[in-house]
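Now, the feature entries from TrEMBL:
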DOMAIN    12-183  domain 'Endonuclease/exonuclease/phosphatase'
BINDING   N15, E48, D151, N153  Mg(2+) binding site
SITE      N153  site 'Transition state stabilizer'
Amino acid sequence: MELSTGNGLSIITWNTCGVKPTKRYPNKLIDIVNHLEKQKADIIFLQETRIGPNCYKETEKVRYWLFYFTVYSPSSKGVAILVNKKLKPHYEYICHDEDYAGGYIVLFCQMYGQLFTLVNVYNHKTDKKVLGRLSQYLQEMKIGTLVIGGDFNTVLDLDFDKRTASEHRRHTSLRPLLQSFISSLNLQDTWARLQPTEETYTLPVKSLDTPTHSRVFLYLYYFLHYRIIVKTSNL
């Protein structure tokens with residue numbers, strides 16, 4: 001994101017499929033954060049953190065980052081926003097708020113003298129209400145520049161955002177809800193504005209009979225005169 005001060009912010013979104021240690025990844029959360037730090041991230045949006053009441057201490061292992069997260073279930077949902085402590089001279093925390101069902105987290109802050117509302121969303125494929133709740137909340141509470149990122153489990157353009165048409169049905173139910181959400185807040189799809197013709201996907205699925213590629217991780221923003229530099233991926 002290019003600020004009016006001339007400074008830039010790099011925001012990366014990443015679906016973790018859970019941050020708890022596993023046999024394959026005994027230091028999974030630390031490994032993810034270290035990898036994204038190497039990508040020069042200033043702010044990280046994590047989805048599907050799956051942090052429950054008894055595993056939130058895993059976040060205390062992360063150094064050099066300010067960690068804001070939801071506590072919901074050890075088996076599903078959950079989101080987090082991480083802010084690199086290197087920003088601290090130019091970063092001021094105001095407050096943050098969480099969805100009671102682990103679907104989103106909202107961080108109100110000031111960076112380089114500008115107010116921001118940063119929102120990280122995980123729209124579970126069965127959740128038809130989270131975007132409606134979030135829209136109503138943001139219409140009343142947002143301040144400064146509104147930046148929304150996350151995993152929406154759907155795509156905006158069925159032809160451009162997917163390489164094959166075989167899974168269109170999976171996106172049918174959530175797509176109108178996302179479109180309504182975008183319209184209610186006058187949002188813009190950042191990647192589509194910056195790369196209007198480039199076919200780049202954030203979710204390759206190779207386990208199916210026919211491999212598919214989708215762009216289900218989106219960055220949306222409110223003020224058109226800001227340029228957002230984003231990277232998306234999942235593990």
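Glycine too: its Cβ is placed from the backbone N, Cα and C atoms.
Source: prediction; values computed, not measured.
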Would you identify which of the binding-site residues E48, D151 has the most other C-beta atoms lying within 10 angstroms of its C-beta?
D151
N153 (Mg(2+) binding site) has how many other Cβ neighbours within 10 Å of its own Cβ?
24
